[in-house]
C-alpha cells in the first residue's frame, strides 16, 4: 500500500516542531470486492434485499402468533414461557434485526467507504462575534436603563424571586405533618403508635386465628398480627380498609417465638413481658423497615433479609450483627382468661426505622448496637 | 496496490446527475420556502463522523431510550396508577380472588389478558437495564480516552446527569407494579428518607401523603416516571446531541488525523444507514430478550403486603452499590437531646451516593486544575498514556464493584457456602484497601505499557526470529514497525507538569499565585510522575542508526539480508531495507 498522503490535509504542519515523526497523511483508499466486481455487488444487493423480505415474513409470523397463540394463564407452555410471548418476541425481534442487519450491510458493502475529511473550528466564538455580542448586550442594557435605575432592577429581581414562595407553599398539602398524622382518627395513627391496645389478642397472620399459649412448642415461630387487622363481630373492632389497613399492618406486624424460659435475659422492667418463654417482638426492622422473618431457633437470632441486621430475641432484641442501630421493640405479652395471647399494651417505643424526632428510650445496656 | 478501479460499481459514483424537478422537488421547494431547510441542512447532511466501535456505546443508550419510550407508551394504555383496593379477577389463577392494589391488578392484566403484554413489560424492563448499562460503559469509554477534556466538560456533566436521572427513572419504574419486591424497595426508601436529620419525617410524610404506605405513592411515582423525569431526560439528551454535533466527534490519532480535522464517513448516507440500522439492531435484541428472558415476574412475588418479605430481596442491579454500602455500614446511631441521628442509614444511602456523584461530575475540572491544561483536545488518548487518570477511574470502579458485591453478600454467602458475617467484615476493610491497591497496580501497569510502546518505537517489534551468533549466543531479532504505526504511537502530547507562575495573562504577566499553588504543583508532579514521554526525533534517529549497525553486522552471516522478514510472514524481502531509507 502506498504511503503517499492522499488526504487534503496531512496536518503535520500543525504539530509542534519537536514531533519525532511527521504525519504521513491518510493512507490511500482500498477498494472492496463490491466496488470492483459487479458480481460481488449484485450478490450483496441480493443479500440485502432478501433480508428485507425475510423481515416482512417475520412480521407475518408475528401477526399469526398474535391471533393463534394462547395468552391467559398459559404462561409456561414453551420452555416455561408463554407461547404468545415467545412467538411475538422472537418474530418481532427477527423482523427488526433483519432490517438492521440489511441496512448496515448496505452501508458496509455498497455505500461509498471513501473517508472524508472535515476541518474543525474552535468551540469559542471569534473575537469579532464576541465583540458584537457584547455590544448588543450593552446596547440592550443601555436602552432599558437597567444599570441607571437600580431600584427597578432590584425590585424586579426580588419580586420574581418571591414567586418561589407560592411554588413551595402550594406543595404544603402533599401530606399531613407527622404531628397532624398523629392526631388523625384512624386506629394507631402516627409514628409513635400502632393499633395494638391493652388486651388485644395476638392472632396468626393470614388466617387471623388467636394463638393459645399452650399450643406453642419450644422453638416455634409464628408470624402474627393484632386482632384489629382481622376484625370479627365478636371483637367489635372496626373494619380497616385501604391505606388504613396497610398503615396498620406496616407498623403492627409481630413475631411470636417460644424458647426455654431460662434462656431469656429480660431487659430492665421487662420481667413480666413474656409468657412461659413466649416473647413477642415487632417484625419491622429498626434499620430501614423491612419485615424480618429469618429465625434461627438454636441461637434465637432473627435475621433481616434486606440488609442482614441480626437481633437476639432472648436478649430484648439486641442487635448482634449488621447495620441496624437499635434493638427490636418488644410487645409485652399476657394471656387472657381463655388462654389466648394478648398484648399488655401498645409498644412502649416507636417501631421501625429511626427518624429525627424519635426520642431514644434506653433499656439499660441492651439499647445500643454491638459493633 | 494496483487494482483496476475503472470497474467501480456505479453506486459509488459521486457525480450527481441533473434531473428535472419532479414531485419531490416541488415538495422540497414548498418546504424550503417556508422552513429554509436548504441552509439549515447544507452542512449537516454530509457531516463527517469518525469510525470506531467504541463510539457506538452511547448510541446503544440513545436507541434503548427510544425503545423505552415506545414500549412505555404501550404499557400506559392499560396500567392504572392507583392504590385502590381491588379483588383480582383476571386470568392468572393462583392470584384470583386476592385483594391487591389496582396498580398490581392492572399489571397482571397487562401480563395475562393483553396479548404481547408480557413481551412489552419485559422489553421495557430489559431496555431500562440496557439503557443504564450502556450509559455507564459509554461514560467509562469517554473517561478512559480523555474525551471529556476541553471543550467537552459540560457534555460530561450532562452525561452524568443523564445517568443519575436514568437511575431514578429505573427506581420509580420498577416500583409501579406495587408487587411485594417493589413495595419492599419503597419501604426501604421511606426508611432512607426518615434518616435525614431535621426534615426526614416531613419529606416522608409529604411524599407518601401521610404515613407509609398511604395511598398516594404509586400515582405520584407514576407522574414522576412518565412525565417529569422523561421530560428532563429528553431535554438533556437533545442538549447532549447538539453539543456533540457542535464540537464534532473526537477521533483516535493516526495518519492524517489531527486536532484540526475529523476523518470519517458522512452522515448521509453512511451514518444514517449505520446508525439507523443500529436502532433496529438494539430494538430487535431487546425484543428477543423480552420474548425469551423472563424478568420481574411480579405474579410470582404477589401483591405488596407490608408484613411480608422474601429472602434475597434486592433492588435492580444499578441500585445495588448503595444497597451494599447500607449493608456493610456499622450500626452507628446516636441520640442527643431527644433527637436521633441514624448515621447507619444517612451516611451510606444519602451522603455517599451524593458524594460519589459529585466526584464523578467534577472529574474533568479536577484533572484540568491539576494539570493546568487549558487547550482544546479532539484527539483521544489511550488509557496507558494517562496513567493517573486511568488509575483513578479503576480505583473508583473497584470501590463501586466491592460495594456492589456487598449488596449481594447474602447471595455470595449462600452460593459459596460461606459466613455472611466474615464476608461483611472483609468488605468493610476491602472498600478502603481495594481501591488503593487498584490505583497503584493500574498506574504501574499503564507505565509498563508505555515502556513497551517506547521499546517498539526505538527497537522495533519482536519478530520471534532467534539468531545465533558465531560465539553461540542467542538473541531475538527486532524489526522496525511501519511508519504509520510509529506515527500513531507518537501522536500524543508530552506531559507538562504545572508549576506556579506558569500561567500568564494576555499581556504576558504571570497570574497571581493562589493559596493552593503549592498543593496544585505537588499534585501535578504526582499526576505525571514516572510517565514515559515519547522519544524525540534525535532519539529515534540514534535508535535507527543502532539498528542498522546491528543489521550490517548480522547481514554477513548468511550472505543475504538476514533480517527475519522471510520468516515472519509480514512481507516480502526483495530489495527492502530498514524503515525510512
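Keep in mind that glycine also has a Cβ here, set from the backbone N, Cα and C atoms.
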Of the residue ranges B:93-113, B:156-176, B:177-197, B:198-218, the one that TrEMBL records as transmembrane segment: B:156-176
Annotated stretch (transmembrane segment, per TrEMBL) among the listed ranges B:26-45, B:306-325, B:386-405: B:386-405
Mean predicted confidence [pLDDT] for the domain 'Cytochrome b/b6 N-terminal region profile' (B:27-253): 95
Same-chain residue ranges lying at least 6 outside the transmembrane segment (B:277-299) that approach it to Cβ under 8 Å: 56, 59-60, 63-64, 66-67, 92, 94-95, 104, 107-108, 111-112, 119-127, 130, 174, 177, 179, 181-182
Contact call for the transmembrane segment (B:156-176) and the transmembrane segment (B:341-366): at least 3 Cβ pairs under 8 Å, seq gap 6+: yes
Sequence-remote partners of the transmembrane segment (B:386-405) [C-beta within less than 8 Å, at least six residues beyond its ends]: 140, 143-144, 146, 317, 320-322, 324-325, 328, 356, 359-360, 363, 367, 412, 427, 430-431, 434-440, 442-443, 446-447, 450, 526-528, 530-531
